[in-house]
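Presented below is the structure to which this report refers.
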Amino acid sequence: MRTHMTANRKIYISDVTLRDGSHAIRHQYSVNDARRIAQALDEARVDSIEVAHGDGLQGSSFNYGFGAHTDLEWIHAVASVVKHAKIATLLLPGIGTVHDLKAAYDAGVRVVRVATHCTEADISRQHIECARELGMEAVGFLMMSHMTTAEVLAGQAKLMESYGATCCYVVDSGGALSMQDVRDRFRALKDVLKPETHTGMHAHHNLSLGVANSIVAVESGCDRVDASLAGMGAGAGNAPLEVFIAAAERMGWNHGTDLYKLMDAADDIVRPLQDRPVRVDRETLALGYAGVYSSFLRHSETAAAKYGLKTVDILVELGKRRMVGGQEDMIVDVALDLLRQRRSGAAAV
């Protein structure tokens, strides 16, 4: 395994407030919200700003929830104010197409993160190759990384690298990885990837480990860290950007951003937009404990309210069934099963 010094190495700061953060408000950012947040992030000198519906390009749908605007409207708004950061987006094969990718490129996107379930990297080939042909930076994004072993994950990252990905991410979509889990996965990735291929960490805060896991990732050779202002993201949110930067600053790491501007943006712009606090609570903790896809939270809360159930019960059952991103339609099925069980139990009494 190659070792890395962290003191002088520049950490690439990838903000996800305008993509993952969209989950926290059911994809209802206004164009003006996107513009204000992007301008604040750009002035704070983050390296990239990811913009899209929470479920990536063309995620706006019955299954995932309709966005207040189209992806291109958000992207154009961000492109109108950004001067330093690269504009990034997320694409899930099967939801977004190469046509959508080309349209995003024309709108100003220069980095695409092609996201698959952690054992399904083979479906990313077409989109990664298309991105490279367009001259975009292509990043492999292995979601729900807690659901497979470090060795299998490394093999999947190697596939993405072979398609042209120049960076591969460990994505803790369920916020379920421990610090040792993170260590093991980055060691495995670094053992098989080319020296020039970057690695990245995308954490969720469901077990309050978002910042800790990001720090461990960097200590294990990770080059890029995803984070969001005020932790704005699915479930209990992502690693809070301003908190990670404060910790990195105290550790003497080279992050290149303005901590105070990030703190102001988090509290003055982003936090007031939350219609449900982004925090660790009973429901979001259940996500991390059960290893459930973080964006299932709001859908599960809706189903629980509709059928008179506890959100936690739905989430834990989803974890038992090992549901993954893209299976949002199963949330209602699980709720109805739990309702039937409750009624049959009451009838038996």
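The backbone N, Cα and C atoms fix where each Cβ goes, glycine too.
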Swiss-Prot records Arg19, Asp20, Ser173, Tyr293 as substrate-binding residues. Which of His202, His205 is assigned to the same site?
His202
Return the residues near His202 (substrate binding site), defined as same-chain residues 6+ apart in sequence whose C-beta is under 8 angstroms from its C-beta, sorted by sequence, else 'none'.
Val16, Phe141, Tyr169, Val170, Val171, Asp172, Ser173, Asp226, Asn238
Where His204 (Mn(2+) binding site) falls in three-state DSSP terms:
strand
Average pLDDT across the domain 'Pyruvate carboxyltransferase' (11-263)?
97
Cβ neighbours within 10 Å, counted over all protein chains: which one of the recorded positions Arg19, His23 has the most?
Arg19
With a radius of 8 angstroms around the mean position of the C-beta atoms of Asp20, His202, His204, what other residues of the same chain does the Mn(2+) site pick up?
Val16, Val171, Asp172, Ser173, Gly175, Ala203, Asp226, Ser228, Gly233, Ala234, Asn238, Ala239, Ser294
